[in-house]
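The block underneath contains the structure these notes are about, expressed in structure tokens.
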Amino acid sequence: MATMREVRTMLFWRAVAAEFVGMLLFIFAGLSTIVGGGQPGTALELKVSLSLGHVSGAHLNPAVTLGLMFSCQISAVRCVCYILAQMVGAVTASVIVNSYKPGEALGVNQLNVGVGAGFIIEFFATLQLVLCVIAVTDQRRSDISFTGCGINPARSFGPALIQGKMKDHWVYWLAPLCGGMAASLIYDFMIFPQARNLRSRASVLLNGPEDRNNLMEASGEEDSRPGPSHWPKQ
């Protein structure tokens, strides 16, 4: 049965594990920096991505992962597994930091504006991020360079869960995920349209990108490609 065949490979689960480890390291380093009085930055995420990007693509962000799924660059099952791994990684890192610095701020995101304004800010901030990510991962284009940053639901989720500060937390999920989906649709149907019909899109969501599957069938090897990464190639 061809459907979800990538799930039956060890390399798929290795990629999922890499998203967990990558998120754990990124959030742990970021939270430790905050607790220590420093300022976290995208450099931390870049270091993690350079270590694990060849395994999973180093999405490290549910909004990025969902946007890439809507852009038909990864399958639906990979999207779901990546997001779950990212969430568990963020929670694990938050537990570790909270265990040796109880009561310290874990960088929990809190709304300082109304819910509506907060939603709009998160939506458009994530839209521009994921729009850039999709553009740079589009194999049809060679005219874009991008370094990456993140509006990240999993980053918000871990500390908020551990601290029990979940009020209005849905804004930090729904707005970025909607922004990621909107960015994908804007790019695919307006900026750089793809000649895919609904049937071919459904096939990608079930089995992964066609070029990957064709390569697997031709070589008789397992899927060794982790999916697109939004980080620059070294």
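Each Cβ is built from the backbone N, Cα and C atoms, and glycine gets one as well.
These figures come from a predicted structure and were not determined experimentally.
As annotated by TrEMBL, region 'Disordered' applies to 214-234. If you look up TrEMBL, you'll see 12-35, 55-72, 79-97, 117-136, 170-192 marked as transmembrane segment.
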**Message:** If contact means at least 3 Cβ pairs within less than 8 Å, sequence distance 6 or more, would you call the transmembrane segment (79-97) and the transmembrane segment (170-192) in contact?
**Reply:** no
**Message:** Need a quick answer: max count of Cβ pairs under 8 Å to the transmembrane segment (12-35), which of 55-72, 117-136, 170-192 is it?
**Reply:** 55-72
**Prompt:** What residues in the same chain, six or more past the boundaries of the transmembrane segment (170-192), come closer than 8 Å to it by Cβ-Cβ distance?
**Reply:** 62-64, 66-68, 70-72, 109, 111, 115, 118-131, 133-135, 138, 140-141, 151-153, 156-157, 160
